Amino acid sequence: MRFAKGHGTENDFVILPDPDGELDLDAATVAALCDRRAGLGADGVLRVVRTKALDEPLTGEAATAQRCEWFMDYRNADGSVAEMCGNGVRVFARYLQEAGLVGAAAFEVGTRAGARHVVLEPDGNITVDMGPVRILGPGSARLADGPVHGTRISVGNPHLACRVARPVAEVDLSAPPLLRAEEFPQGANVEVFREVASGVLEMRVYERGAAETRSCGTGIVAAAAAATPPGEDARWTVRVPGGECTVVLESGAARLSGPAVIVAEGDVRLSALR
């Protein structure tokens, strides 16, 4: 089976070209591909499929994806299906560009959170219209070294963004955060962030279905939204272990800009992974 490998600020993905929707991608296969010792290793899988070939209904927020030629079928490293991935969309867009599947510098990508407008910038970065950012109220979690409190946010997927007073490098993210089921019935990504200079945040994240990752695009947006006073627009640089991205918040929506690179292509023997 053909694959490519790419990353956005070191949030890395196995990319599976499947334009006609012929691949039977089950959770066990995804988990095996993402295994860093016995597989290819990644934080998730991006299946590249034409929207018209998708074998699932697109309703609710996802309905706008029906107008897109290409759909990003994103899976977490444990094989679970996810709605949206900000770094993943940028890597997906870079793959479409380098594979010759798009010709314009601006286009839309379908996701389970809806259509996302993408711009391939002249400086090499990729900007994604992340859509509306919804502030849902306060929330809390228990980390390995104690409780944290923050803001529940939806960026097409659920987040708990927690401002901390200490350097984020000191926070223990070695274990899955304990969340309240009534606040997060489907789980959530948990971010810890701190403002280190005017307009600059540092952040780490524990991703639902993946553990701590080097970056999370939707988490970067969630942290920026949590750091912004209600009703205000803002521009933030967000530093994560894998690099940095820029978030622009305007009128309740967000744009995310950052790098995305394809580092390898090849064939994987699925029979060797099972």
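Glycine is no exception: its Cβ is also placed from the backbone N, Cα and C atoms.
What you see is a predicted model, and the numbers here were worked out from it, not measured in a lab.
Database features (Swiss-Prot):
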ACT_SITE  Cys85  active site, proton donor
ACT_SITE  Cys216  active site, proton acceptor
BINDING   Asn11, Asn76, Gly86, Asn87, Asn157, Asn189, Glu207, Arg208, Gly217, Thr218  substrate binding site
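Structure coloured by features recorded in Swiss-Prot.
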residue	record	DSSP (3 states)
Asn11	substrate binding site	strand
Cys85	active site, proton donor	coil
Asn157	substrate binding site	coil
Glu207	substrate binding site	strand
Cys216	active site, proton acceptor	coil
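Residues Gly44, Ala82, Met84, Cys85, Gly88, Val205, Ala210, Thr213, Cys216, Gly219 surround the recorded substrate site, their Cβ atoms falling within 8 Å of the Cβ centroid of Asn11, Asn76, Gly86, Asn87, Asn157, Asn189, Glu207, Arg208, Gly217, Thr218, which are themselves excluded.
Across the fold, the C-alpha of Glu207 (substrate binding site) and the C-alpha of Cys216 (active site, proton acceptor) stand 8 Å from each other. The binding-site residues listed here are Asn11, Asn157; among them, Asn11 has the most other Cβ atoms within 10 Å of its own Cβ. Using a 10 Å radius centred on the Cβ of Cys85 (active site, proton donor) and all shown protein chains, the other Cβ atoms total 30. A gap of 8 Å separates the Cα atoms of Asn157 (substrate binding site) and the residue listed as 'active site, proton donor'. Distance from the CA of Cys216 (active site, proton acceptor) to the CA of Asn11 (substrate binding site) is 7 Å.
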